[in-house]
Amino acid sequence: MAPSTVFMEPDNLLTPKEKNKLRKPVVEKMRRDRINSSIEQLKLLLEKEFQRHQPNSKLEKADILEMTVTYLKQQSQLQMKTAGSFHKSSQFDFREGYSRCLQEAFHFLSLHKVRTETQTKLLSHFQKSQSAATEVAFSPGNPSTLKQASPKDASTLWRPW
């Protein structure tokens, strides 16, 4: 955007220093407009929060920025608190889902009258896994209390391949 003046010299007659001198006020105005626009957007986004703190006062730009910073800090702290409880909840949901899946697979394999050796081994494995999953599901969510498989258990694990 070029500044509008009554008399404009052609660009080739202006030195770079003179060009910068002409552009500076326009660039500065655009920068201030962007800042003001962003502050107004913050005011609109957090209008309810502002009304709660200062219901009948005209907010200055500095007030809007300070209250926005305070609000964002509160939201960040709240998010950190809920993230911890979500992690615990998701662990519980995983354990519950795993246990339910084992029950469904065990039930499905138990429905068939004809049992092959593989099916019998799978049923036996699921029964062991289900009892282990039940123990883990009702133990505290502390990772140090989870049962760790010993190397001896890994060699006795039945695998179909």
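Just so it is clear, glycine is given a Cβ too, placed from its N, Cα and C backbone atoms.
Keep in mind that TrEMBL annotations are predicted by a computer and have not been checked by a curator.
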Handout entry: Range annotated as region 'Disordered' in TrEMBL, from 87-111, 112-136, 137-161
Key = 137-161
Fill in the blank from the handout: Counted with DSSP (H/G/I as helix, E/B as strand, rest coil), the domain 'Orange' (94-126) has 28 helix, 0 strand, 5 coil
